[in-house]
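Now, the feature entries from TrEMBL:
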BINDING   Arg44, Asp101, Asp102, Ser103, Lys143, Gly160, Asp161, His238, Ser239  substrate binding site
BINDING   His114, His139, Asp140, His212, His238, Asp271  Fe cation binding site
Amino acid sequence: MTIIIEQPQFDAAAERKVAGDPAELVLDGGFTVPDSNAFGHTFRDYDAESERKKTVEEFYSVNHINQTYEFVQRMRDAYGRLDKTEMSIWECIELLNEFIDDSDPDLDMPQIEHLLQTAEAIRKDYPDEDWLHLTGLIHDLGKVLLHPSFGELPQWAVVGDTFPVGCAFDECNVHSKYFKENPDYHNPEFNTKFGAYSEGCGLDKVLMSWGHDDYMYLVAKENKTTLPSAGLFIIRYHSFYPLHKHGAYTHLMNEEDKENLKWLHVFNKYDLYSKSSIRIDVEEVKPYYMSLIDKYFPGKLRW
């Protein structure tokens with residue numbers, strides 16, 4: 001595997017419709033939501049006293065200050081060329097083994113554990129939606145941006161909740177107070193409700209804060225995956241908690257976004273609440289997921 005590294009400069013400071021009808025989705029799917037995360041706290045409690053609290057808040061302070069419209073454009077240009085390497089989906093999964101997400105207050109185990117927990121929980125409740133099983137497995141693969149082979153981006157440019165740039169930052173964003181130090185906060189071109197966008201323009205026209213979500217979306221789309229549009233929507237917006245948890249930014253959505261959001265609501269519960277200390281036997285489940293990878297992706301992808 002030959003890898004080309006182009007280190008970005010940082011500032012200081014194929015779509016098909018889903019077979020099922022999303023209007024008829026059963027959102028609980030039989031899944032039992034656990035009472036607490038791996039640390040014994042409620043999920044996504046950013047104020048809970050824990051060994052992760054300080055790390056998480058420090059992460060969001062740097063993230064909110066530096067994720068500007070110009071920065072996102074620069075990252076999309078640098079990484080959207082997909083000229084870093086060629087590798088398979090499973091090779092990418094194995095690269096994630098050594099990483100822990102500093103923005104996550106709920107879990108501190110390697111990413112492959114979370115990917116398999118998510119996929120297997122979905123598989124149990126939605127056995128006929130194999131595209132959703134695979135989406136669960138690959139949704140976080142963009143975190144390879146943390147790897148030295150991809151330029152070793154800082155965590156604030158890879159993980160964490162995502163949000164639109166180019167318009168006003170909503171107060172429902174986690175630790176939103178830090179946006180006041182973001183240059184776009186004071187830019188009249190970007191600090192209004194619509195900013196650079198228009199009502200109902202569609203989320204595909206909106207620049208999102210740069211990270212693993214948008215990167216994996218670009219990888220999947222440009223490598224001509226046959227995942228349905230809902231799968232690509234989940235990959236790109238699964239960290240967009242201001243939208244799918246708080247209902248913010250809906251004024252930017254079009255009708256297709258609204259339909260796909262129903263599937264994202266299904267997915268999100270498994271992404272969030274399947275995080276636990278329960279281990280998955282990788283070798284036991286690998287053949288099933290390899291068959292799905294072969295079904296929906298080419299053998300080698302450009303990254």
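Including glycine, each Cβ sits where the backbone N, Cα and C put it.
Here the Cβ of His114 (Fe cation binding site) has 25 other Cβ atoms within 10 Å, regardless of which shown protein chain they belong to.
Highlighted in sequence order, Leu115, Thr118, Lys143, Asp213, Ser239 have their Cβ within 8 Å of the centre of the Cβ atoms of His114, His139, Asp140, His212, His238, Asp271, the residues recorded for Fe cation, and are not part of that set. Considering only the binding-site residues Lys143, Asp161, Ser239, His212 (Fe cation binding site) has Lys143 as its nearest partner by CA-CA distance. Note: Asp271 (Fe cation binding site) has non-local neighbours Thr118, Gly136, His139, His238, i.e. same-chain residues 6+ apart with C-beta under 8 A of its own C-beta. Minimal Cβ crowding within 10 Å, among the binding-site residues Asp140, Asp161, is found at Asp161.
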